[in-house]
Amino acid sequence: MTQLAIGKPAPLGAHYDGQGVNFTLFSVHAERVELCVFDANGQEHRYDLPGHSGDIWHGYLPDARPGLRYGYRVHGPWQPAEGHRFNPAKLLIDPCARQIDGEFKDNPLLHAGHNEPDYRDNAAIAPKCVVVVDHYDWEDDAPPRTPWGSTIIYEAHVKGLTYLHPEIPVEIRGTYKALGHPVMINYLKQLGITALELLPVAQFASEPRLQRMGLSNYWGYNPVAMFALHPAYACSPETALDEFRDAIKALHKAGIEVILDIVLNHSAELDLDGPLFSLRGIDNRSYYWIREDGDYHNWTGCGNTLNLSHPAVVDYASACLRYWVETCHVDGFRFDLAAVMGRTPEFRQDAPLFTAIQNCPVLSQVKLIAEPWDIAPGGYQVGNFPPLFAEWNDHFRDAARRFWLHYDLPLGAFAGRFAASSDVFKRNGRLPSAAINLVTAHDGFTLRDCVCFNHKHNEANGEENRDGTNNNYSNNHGKEGLGGTLDLVERRRDSIHALLTTLLLSQGTPMLLAGDEHGHSQHGNNNAYCQDNQLTWLDWSQASSGLTAFTAALIHLRKRIPALVENRWWEEGDGNVRWLNRYAQPLSTDEWQNGPKQLQILLSDRFLIAINATLEVTEIVLPAGEWHAIPPFAGEDNPVITAVWQGPAHGLCVFQR
């Protein structure tokens, strides 16, 4: 190969122009950067990057082609106390690599050293980057742009969703291709889903600790290459990008948006004892929040924290997000531990990354969802994100469970959460859709486990059941575990119905965990991040068709209720909502705080949710008018009820007049 030309300092990463490849890498503190390319025989060829524009190192390799494997060796000081951990003996991944060849195994050679550098060369076993071409024929693809008020989110894992689906071809189960298969798309459409939210698809690594136990990181919240698709979800790693885009194109044709769960808060390099893959060896002090002693601020619980207040790291994160939108046509993002995005180090609404997103004509137009906390002091920021963001509403989750499973929540608190938690989100011009309401998520009990287990059962995770939260607000209804008498099964079913109804008929944006509509159980494991097995894969052969139909009917009912889809805050007297007691009268102040758990919610003056969350059968006097129960609480032809509904214990019903 010829020598490197100077090339251009932008864009970041490796880009093929038809004649060769331009390489760029950011590093403030590097003293020298070597581009290492590998031929078909694995022979390494090294080139110093000749260009150095500001903090960007760059060079152009004529005649280089897509498929070229490469990495970097970065020279600089080894000064751990100052936060510098350069080690040119270690081959490093380009942070903007679009494809990775090789596996991130637990190997001592993939570590830089702790106090002293490990100068053993690792190029023979280190994963390599691959130059790719982004071109793709999108045909007439267009984003669905579903209004927030009409959005129904379905949180799913690429593999877990389809790996056991009997109607999907065996060879594509558990892959990106399966997401775009007609069977899966038809299912999502029939259910009423408008947005498929995928757990992380950017390439991730399994922690060495898990590998030593024979486990793996299943969820994917351990990123190593944020621009590259995780190859294990592809039928062929070389075609992963096209397989993913094929699926998105098919979902878009069906009117379904795709939202990516993205991890912009830490990397798979973990703590100082963790592996060296990329950022730590490129510019540790710039990419991460570093303490005065040279160690990491661990505001994520994962060993390190990305410094998203550094201008270059903001540019990197912004470029990553734009890549997924522009190259893959994704419709939005859910940001894991998103409080990190606003750290300066204190949390600010005008933090640099938030400002960059706000000012970006691409990113400001997609759906943005925050998990609004991290584990550091001041990390709980629910309701405090900039107006462009919606946020996971843990207030809703806890209130719904407490009301239906613990019976210890006043009506006033329940109603506040039902009304999109306006006390939290009605500020800065935000709409009710800013509240992402959920009862369950990937992290925690499944819906079925909420009604079958009082305690977590995480022994399979190898941490002696110490991991996972103990604050589940669950209720096993008298017996720990699945199964039981017919009466027990029916009481659990009623609780599931109540929780689903609360989720899907409340104001705000509902998010349904994949499998909850099946009755999927993880057998009490509320932290199944390392369980890539039948514990987490959805078993479609065991899915409850009745529960699926119930869920679909609720979603389609929601779409008929103007008060829920118009995305306007409810105001007294506007006809959107009336809160009534069991006698169809407005609730008194005392009833709101101390009254029995009986409530009628009249929506759009036509739809009535009658709730009896007590343990006794109770007569509920309906408002004036001719009412009939509607699906999924009754068939299509139902007798008119003009006066009283016999509310079963711990039950609810929806009527229309």
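Just so you know, glycine gets a Cβ as well, placed from its N, Cα and C.
As given in Swiss-Prot:
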- Asp336: active site, nucleophile (ACT_SITE)
- Glu371: active site, proton donor (ACT_SITE)
- Asp443: site 'Transition state stabilizer' (SITE)
- 460-479: region 'Disordered' (REGION)
Tell me, by DSSP, whether Asp336 (active site, nucleophile) is helix, strand or coil?
coil
Site of maximum Cβ density within 10 Å, from recorded positions Glu371, Asp443:
Glu371
For Asp336 (active site, nucleophile), write down the residues of its own chain that are at least 6 apart in sequence and whose Cβ falls under 8 Å from its Cβ; none is a fine answer.
Pro200, Tyr221, Asp261, Ile262, Val263, Leu264, Asn265, Glu371
